[in-house]
Amino acid sequence: MKSPMTRVTAGAAVLALAGSIAACSSDGGEADGVTTISFLSWTGEEQMEPIIEAFEEENPEVRIEASYSPPVAEYIQTLQTRVLSGTAPDVFVVAAENKTNLIDAGAVVDLSGEPFMEGIQQFNLDTYGRDGAEYGLSLSSWAAGYAYNKEMLADVGYDSIPETWDEFLVLLQDLQDAGHTPFLESVDQMPTTVSAMLGAKTSEMDPSLDDEIFAGESTFAEQWTPILEEYNRLYTEGLVSPDVVALDGDQVRDEFANERVAIINAGPWIINAVQEANPELQWEFGQVPGLPDGMPYQAGAAAPGYAISASSDEEKQEAAKTFLTFLASEQGVEMFHEATNDVTVTENFTPEVDPVFEPLVTPIRDGQLYLPMIAWQRDEDVLNVEAVAQVQRMIQGQIGPEDVAAALDAKLSS
Amino acid sequence: MPSMTRAQTPEAPATRRRRGTAGGGWKQTTINRAFLVPAVVVFLFLFVVPLAQGLYWSFTDFTGYSPEANFIGFDNYVRILNDPSMLSGLTFTLLFAVGTTVLVTALAIPLAVQLNKAFVGRNFVRSLWFFPAVPSMAILGLVWSYILSPLPSGVLNTLLADWFGIDAVSWLSDNTLARISVILVGVWAQTGWHAVLYLAYLQSIPAEYYEVARIDGASPRQQFFAITLPLLMPAMVVSSFLLLTNGLKVFDLPYTLTNGGPGFATYTITQSLVVTGVGQGEYGLSSALAVMFTVAVGVIGFTQLRVTSRIGRRFA
């Protein structure tokens, strides 16, 4: 037989449980004028927490329940599961990998015309938009070009990366003759050189290169082959070892930091690691040289954009817009830059970046960036896997540039 | 005879009662079967339902973002069969599964025999061999990518240059060497674990068998082939089945060591499933691939079990 005390304790526990369930079902205290919105962050908790705290301090009527999922695959998977199960967060991130699916599924709110979208770089708006609608508040961009060892270049009479591809190949030959390994480029992803050359080409086209290909008015064979032929000269002329097909970005970076190579493809993510490994290294970033009919350019893309769930109710969507307004404000952008070191592209704040990266800042803020995977209008991942594998085969000498382009055409039409 | 029948007759109800008492009759049977319910439920919801759902999705254009899924017949299957990268993936997956199964089995049995002998530091050596099975394959892949780097600064190439004056070898940038490297790292990682499995079976073989064989004048080689190997057949069935199934679903090692390259040289079916399904949101297509792969694994696994069981019966 149970004692009176046990019964009282059990009763209290049941009441407490019922109370907590009731509290949960009241949606985070909206009854007392506070709207709670859920947020699935792409940025880590350590970086995002201070921004959320500053927002809540300034907007006590909105509370954010943040959850975190690391990019890229895990975030995409988590978000996808939540969207499909009808529990999409009120605010989440639209990225290159999921933008087509999210827009097609009608899962994101059109943010065009919202005041907080006004100061954003047009390139970023276009990246996460379609047919005049804008679905993502993208605050920053990234770029990748060439990082070069100033002392090695000085050895052969250069003080920076030449502006044309032919001059660049001459520089590589001079470096090789001087006993240096001239250039390494990781090709476990789309080569930076190819992306930048395509970017230079499409920046002078209207409609764009990808608009033409995906509308069926042109082909990869027509648009990509001449660029791949130029890129392949690195390997056919013996300036770069085909062994690059087995290198990832970290291995290439380590070779550069240890002064075993003069020039590499790289982005801002290597700055800290290189400076930590070799503080004495004299180095800087430069653009990828232009082809005879092109200009120096860089690979890169708009950072993932903050989006609002179309399945959220009106009150939550309004609260979400308040959050996005804060993120796009001068204070929000500054905090975001300090937390992530990203190069922000809003009009209301000018970010300070490491001096070695300075040559790529203006192109980033001008939106002179291109990444095939972002520009492709469908089947991005599948095309990317195919392109990387075929480029590797071309570097190994198994196929020619025209075969790489033909394989992409075949993939797109399958 | 009739008297015997009569004598037995009174016992019959008693026997039934005893059975009823011991087994509990239908009531006890029901209770016993009730204990199976959790396992059946788990099997149903974590295996049968997803399998059926995957089969259904394989005939649709389901993207994973919208519950809407249109029936498109065999289109997904046709796309897979016309895709050269899928066929490359299938080739290397089979090569990896068969290669690791054969090599690990060939190495693990002699290793287990050696580890079963008495020598100083035996437990330490056993632990050393077992160690590669502890870290995840993904971590091993990352570590080995530095060791097998084709650059002159790669760990193995540096050692070869310093000790033997050999030029840098393209371990991971040549198609054939890359395939061999991935398989050998897989063998290195799994041999110790399977040797421990064989060791457990070895320790159950009575020492008297060897004693009698020695008295009869059998050499160590004859003892191995006449006693050890036949009595290890049950272990070989288990070990080779695990190796084959793990090899067929391999993903993390090639992904971190070579990312499927160079080209599609070390691309696997599972990597293709992940890229297409999770990465691209083509759940219909990746479901079709999964269905085809499940059937293939089922056929290979069933055949392997039949073959090893037959060999086992022959040795028994």
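Every residue number used here counts from 1 along the chain in the order it is shown.
From the backbone N, Cα and C atoms, a Cβ is placed for every residue, glycine too.
What TrEMBL records for B:1-13 is compositional bias 'Low complexity'.
Per TrEMBL, domain 'ABC transmembrane type-1' is recorded for B:90-304.
According to TrEMBL, the region 'Disordered' annotation covers B:1-25.
Annotation source TrEMBL lists transmembrane segment at B:35-57 (among others).
Beyond its flanks by at least six residues, the transmembrane segment (B:92-115) meets 122, 125-126, 129, 179, 182-184, 186-187, 190-192, 194-199, 202, 224, 228-229, 232, 236, 239-240, 243-244, 247-248, 250, 254, 264-270, 300 of its own chain at Cβ-Cβ distances under 8 Å. The transmembrane segment annotation in TrEMBL covers B:92-115 (among others).
Only residues 6 or more beyond the boundaries of the transmembrane segment (B:127-147), in the same chain, are considered here, and those with a CB under 8 A from a CB of the stretch are 111, 115, 154-156, 172, 181, 185-186, 188-193, 195-196, 250, 252-258. As annotated by TrEMBL, transmembrane segment applies to B:127-147 (among others).
Residues or ranges marked as transmembrane segment in TrEMBL: B:180-202 (among others).
Look at TrEMBL and you will find B:223-244 (among others) tagged as transmembrane segment.
Positions annotated as transmembrane segment by TrEMBL: B:283-305 (among others).
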So which residues does the transmembrane segment (B:180-202) touch in its own chain, when a touch means Cβ under 8 Å and the partner is 6 or more beyond its ends?
95-96, 99-100, 103-105, 107-109, 111-113, 115-116, 126, 128-133, 137, 140-141, 144, 148, 171-172, 228, 231-232, 234-235, 238-239, 242-243, 246-247, 250, 253-254, 257-258, 266
Can you name the far-off residues of the same chain, 6+ from the ends of the transmembrane segment (B:283-305), with a Cβ under 8 Å from a Cβ of it?
51, 54-55, 57-64, 69, 72, 76-77, 79-80, 86, 97, 237, 240-241, 244-245, 248-249, 269, 272-273, 276-277
If one takes Cβ-Cβ under 8 Å and requires six or more residues beyond its ends, the residues near the transmembrane segment (B:35-57) are 69, 283-284, 287, 290-291, 294
